[in-house]
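The structure under discussion appears below in the form of structure tokens.
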């Protein structure tokens, strides 16, 4: 048993950490956030040049076949910097879906670009009515000569406003919440009939809702077999959950460090407020939640790339549930510990707090995963 | 990053399982798993079996008859113990006073007391808390005055667990009133049969006689029963408390209690369906199981860091808080699982030998009592608030 990173993993994490420290000051982040892309195109390029966007991909694509732990190392540091780049959407989810479901020519067409960062992918798996259930798909794809016609609406596609390729789930058969009958399509973002409504997110990203209005695609846009994408989407969103958990741990680390510093600096009643027991215990509770979250991020990373089974499902649901709860706790208690300054735009803590709450809204919140875990509960 | 046991550790686990398969008495395991009362004889019978195997004093050095287990081995033992229904070990002798004697005692004390702990000849209890000294332990008032080759001890100790069975007590006593509270405390080993000692039971809210008050009236204790130096007892006391804290998280016990809860919830019926399928109840179980999963990994991280040569520090305080909260939450759910049958208190059903008809479920009777009894978890071994003070000071530097 050894919970330390090996030398390679440590080097990887140090590299990302150095890069983030150099490029991602709080002030710069605000600028990146307000740019058209909503993130730093230069920083994204650097991640690509250093091979960091290729981490989970095999060697022939310039990567080193990194698994859950390598992804964890990258995501934690991106979390510490509150980085806005579409690593989760493009590299983990987009790259993962194509790797798992795509045929050779589709992989050849997309994966090289995604691994190098030159192509940006986004995933459109949710719909206005779907809440967090990715099997709840009402967008339809009808067979037409030589391809499909897609109609429907996709919700909250982070990074979708500037992606080159968007992976869209659509129903080719079955009822709206059936696990089977879901198909996955790789859409060029400029395909006729795709309408994007772009917006900023409350935690500083950019995203869009997509309306698909008689979007015509050829057969080679279909990833994998028709109607059988449900399992692929579930598996890859599991990898996404593990990555998000790692990011969340990075965010929580900084949020806790900022709060602890503040307790030592801020003076009231003639003493640093950290001398007050009620604040000390709150800080200990925050640390304790962070430790729980860290444990679950480690556990999630250890199953992220394992074969799908109920044990993997349980662990990922448990991890996302813990991250959701601990993230909200640290966010709320951190703001409270800071008092008024924690409420301001100009102080960085609030941005960490917002990211933590929004991570809970990505790929299922704590309630969603609690319900999921409960449905997998076994009498022992 | 590697979360698996090594081949040697797996072999050790097999050895533990084979031992428990063969040697753990079925009646004792059944009592533990059903939360029934264990008698003094049960504890002693099991201790004897462990001693014969050389597994009673798990972390003592080999030269004193210990097993010298590594942290990972100890962890494996705790996990398997929970699964098999191994009785908790009564820690006061083997895990509390013994490490102090080994570290700070003189040769004669080692030769006298360690073998008697191993053989079960001595049953130790702990004389720390007093009516006026709980969380503020250093304010203790029990006086020991040196008169020739004796100390004369006067005062009162309380919350003395299983003191009614004990023939020895280790006590913190005040030997100096002229100095700072922490600097005037000594560590004495006292024979419970000495004239002037009386033990009075304290009955807890669940009707149990588990703890006692111990009174000292002009009790003469030979000076050779002083451990280490006079007035240095606080150092030894703190050393003992760090030992006590590790393991207080009770992850193995929580796992066993959770398995019991899930089994109970699959048997109880609500709205015509097993309770474990009830929307609200299944989510309550799910949440506590998830928290336990995380705490178990946190525990492993501490175990692995100690195994790698690190020190178990205030991290174990953090885990004590989390671990006890989780166990109390499981006890809470087990009580809820029997619905209105949480109300009757049918004491005879607590006894393993009971052969009559059970009022409801055969495992129902102890559940409310156990819930109340385990409110102690967040109070003893340093209350959870004291643990947070420790973390705040030692880790956060506040």
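Heads up, the Cβ atoms here are built off N, Cα and C, so glycines get one too.
TrEMBL lists A:6-118 with the feature domain 'Acyl-CoA dehydrogenase/oxidase N-terminal'.
For A:122-211, the entry in TrEMBL reads domain 'Acyl-CoA oxidase/dehydrogenase middle'. According to DSSP, the domain 'Acyl-CoA oxidase/dehydrogenase middle' (A:122-211) comprises 0 helix, 47 strand, 43 coil.
When pLDDT values are averaged over the domain 'Acyl-CoA dehydrogenase/oxidase C-terminal' (A:242-360), the model yields 97. Marked as domain 'Acyl-CoA dehydrogenase/oxidase C-terminal' by TrEMBL: A:242-360.
Applying DSSP to the domain 'Acyl-CoA dehydrogenase/oxidase N-terminal' (A:6-118) sorts its residues as follows: 82 helix, 0 strand, 31 coil. The domain 'Acyl-CoA dehydrogenase/oxidase C-terminal' (A:242-360): residue composition by secondary structure is 99 helix, 4 strand, 16 coil, according to DSSP.
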